[in-house]
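Asks: What follows is a single structure, and I will ask about it in a moment.
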Amino acid sequence: MQTLFVELGERRYPIFIGHTLDASSLLAPYIKAKQVMIVTNTTVAALYLEKYTLQFEQLGKSVATCILPDGEKYKDFGHLHLIFDALLQAGFNRDCTIVALGGGVIGDMAGYAAASFQRGVNFIQIPTTLLSQVDSSVGGKTGINHPLGKNMIGAFKQPEAVIADMAVLDTLPPRELSAGMAEVIKYALLCDAEFLLWLEQNMSKLMAGDADLLAQAVYRCCAHKARIVANDETEKGERALLNLGHTFGHAIESYLGYGTWLHGEAVATGMVMAAELSARQGWIDTVDVQRIQQIILAANLPIVSPAIPLEQFLNYMSHDKKVLDGQLRLILLKQLGKAVITNEFDQNALIAAIQAHQQAA
Ligand code: NAD
Ligand code: GLY
């Protein structure tokens, strides 16, 4: 097992990364509360709830559970309310701990519940998808969707600890593994060119579920995220780089309807569009764009979006949270392994980059 820390002063917390980890002993110092509420969904509950309930009971905790339906479409106010119902019905108070057991949907919802229940209670992340292990469980962004926009309601709420156990990835559907791999590739492109080479050498084994290699990849991604979050917890600057490919990806997701393409699939194609625009700006070479496409294809991810009317695509992009004073800012590549946030790009090059990676209408 390896341990990393997110260095946030008094709110410093560990990320434990390994295989078949014992939550009981690892979390003992981080759960002072007697009352533990495990928030999960129907799919993950069937696989792992009993195991984790037993581990918390071994710690002498009184464990209650809240099992939500599975899906991004339930990441809403109504289902957040079910977590509060469960907490109140179980008679939990301010010194309880909420445990998020699941992927990014559960982590974001349970975290937001922890940020707001009785003005804030402790919480623990046990991420069970690759995406949540390398990204959403670390850094404290929590929240729910609003009918008018994804992740529009939320709070920064750091966990007390994160446990990323490779054993749970055994049951992850291949399409979800690929979606998580998009976020892994993202770290390589934005800040770690050596990691890109490593991914190129190891992608087939990673996609076959090699647990040692997956643990190495999760560690490297979490190390980058921990550093970036420690520097810029509330996204005043550097943290926005973690959104490489996301503005393009959100346009694809919004047009298709959330859930048609997985988030990671949309981010993958979005990263190709961002790379294409970077090349058209003269910052990277076309061979770099081809290299990015190859690694994305090797992770069984798409490099071309369905045909989307340009006006609609640009309109969805303009709703991005990074828009400042009405100006669209994008994360682009100055070189492989070096991303920047910038509004200095040519509008015609942007349009050409989008159109170059769309199916013909
Ligand atoms: P998800 O939580 O919907 O999980 C994907 C699917 O895998 C679900 O059907 C889930 O039930 C299933 N699953 C989870 N673990 C499993 C396991 N071990 N075995 C079998 N099935 C399993 O999706 P996700 O990709 O983990 O997360 C996406 C969400 O994360 C989005 O809502 C996105 O907005 C959010 N997100 C948040 C941040 C952040 O910083 N907070 C960052 C990135 C994404
Ligand atoms: N996933 C982007 C962030 O945590 O900032």
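Using N, Cα and C of the backbone, Cβ positions are placed for all residues, glycine too.
According to TrEMBL, the protein carries these features:
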{"type": "DOMAIN", "residues": "66-178", "note": "domain '3-dehydroquinate synthase N-terminal'"}
{"type": "BINDING", "residues": "70-75, 104-108, 128-129, Lys141, Lys150", "note": "NAD(+) binding site"}
{"type": "DOMAIN", "residues": "180-323", "note": "domain '3-dehydroquinate synthase C-terminal'"}
{"type": "BINDING", "residues": "Glu183, His246, His263", "note": "Zn(2+) binding site"}
Asks: Which of the binding-site residues Glu183, His246, His263 has its Cα closest in space to the Cα of Asp70 (NAD(+) binding site)?
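Replies: Closest by Cα distance to Asp70 (NAD(+) binding site) among the binding-site residues Glu183, His246, His263: His263.
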Asks: May I ask which residues of the same chain, at least 6 positions away in sequence, place their Cβ under 8 angstroms from the Cβ of Asp108 (NAD(+) binding site)?
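Replies: Lys75, Ser136, Lys141, Thr142, Gly143, Ile144, Asn151, Gly154 - these are the non-local Cβ neighbours of Asp108 (NAD(+) binding site), listed in sequence order.
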Asks: Can you tell which of the binding-site residues Glu183, His246, His263 lies nearest to Ile106 (NAD(+) binding site) in space, using Cα positions?
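Replies: When the Cα distances are compared, His263 comes out closest.
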Asks: Going by Cα-Cα distance, which of the binding-site residues (Glu183, His246, His263) sits nearest to Glu72 (NAD(+) binding site)?
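Replies: That would be His263, the closest of Glu183, His246, His263 to Glu72 (NAD(+) binding site).
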Asks: Other than Glu183, His246, His263 themselves, what residues in this chain have Cβ atoms within 8 Å of the centroid of the Zn(2+) site's Cβ atoms?
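Replies: Going along the sequence, the neighbours appear as Leu131, Asp135, Ala182, Lys186, Gly245, Gly249, Gly264, Ala266, Val267, Gly270.
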Asks: According to DSSP, which kind of secondary structure is Tyr74 (NAD(+) binding site) found in, if we only use helix, strand and coil?
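Replies: Going by the DSSP assignment, Tyr74 (NAD(+) binding site) falls within a helical segment, counted as helix.
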Asks: Measure from each Cβ of the binding-site residues Tyr74, Thr129, Glu183, His246 to the atoms of ligand 1 and list the residues where some distance is under 6 Å.
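Replies: The qualifying binding-site residues are Thr129.
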